[in-house]
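Asker: Have a look at this one.
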Amino acid sequence: MNQSAVLIFCLIFLTLNGTQGIPLSRTIRCTCIKISDQPVNLRSLEKIEMIPASPSCPHVEIIATMKKSGEKRCLNPESKTIKSLVKAISKKRSRRSP
């Protein structure tokens, strides 16, 4: 009985030792859970980040950080107002660059 218990233990150990962890399902992790269509005042913006779609999140994400509160808002990249905001910021940045 002792030899069979040791043999079973060794078989289990060798089986578990060779097994690799493989995720059963892919979880999608986007930064933005809820998006806002509300217009944002350029003067109240501290910064705006644009995160492109990736394997971990299929959506383009635009995150605005407000100056006074430091609040981060996820903006709808498909909204006309947000598209024009991004365009205005890009234009402003291109004027600064030599």
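For all residues, glycine too, the Cβ spot is worked out from N, Cα and C.
Source: prediction; values computed, not measured.
OK, Swiss-Prot features for this one:
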- CYS30-CYS57: disulfide bond (DISULFID)
- CYS32-CYS74: disulfide bond (DISULFID)
- ARG26: citrulline (MOD_RES)
- 1-21: signal peptide (SIGNAL)
Asker: Within its own chain, what residues at least 6 apart in sequence put their Cβ under 8 Å from the Cβ of CYS74 (disulfide bond), listed in sequence order?
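Answerer: Long-range Cβ contacts: THR31, CYS32, ILE33, LYS34, ILE35, SER36, GLU61, ILE62, ILE63, ALA64.
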Asker: Out of CYS30, CYS32, which of these disulfide-bonded residues shows the lowest number of other CB atoms within 10 Å of its CB?
Answerer: CYS30
Asker: So how many other Cβ atoms are close to CYS57 (disulfide bond), meaning within 10 Å of its Cβ?
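Answerer: So the Cβ neighbour count for CYS57 (disulfide bond) comes to 15.
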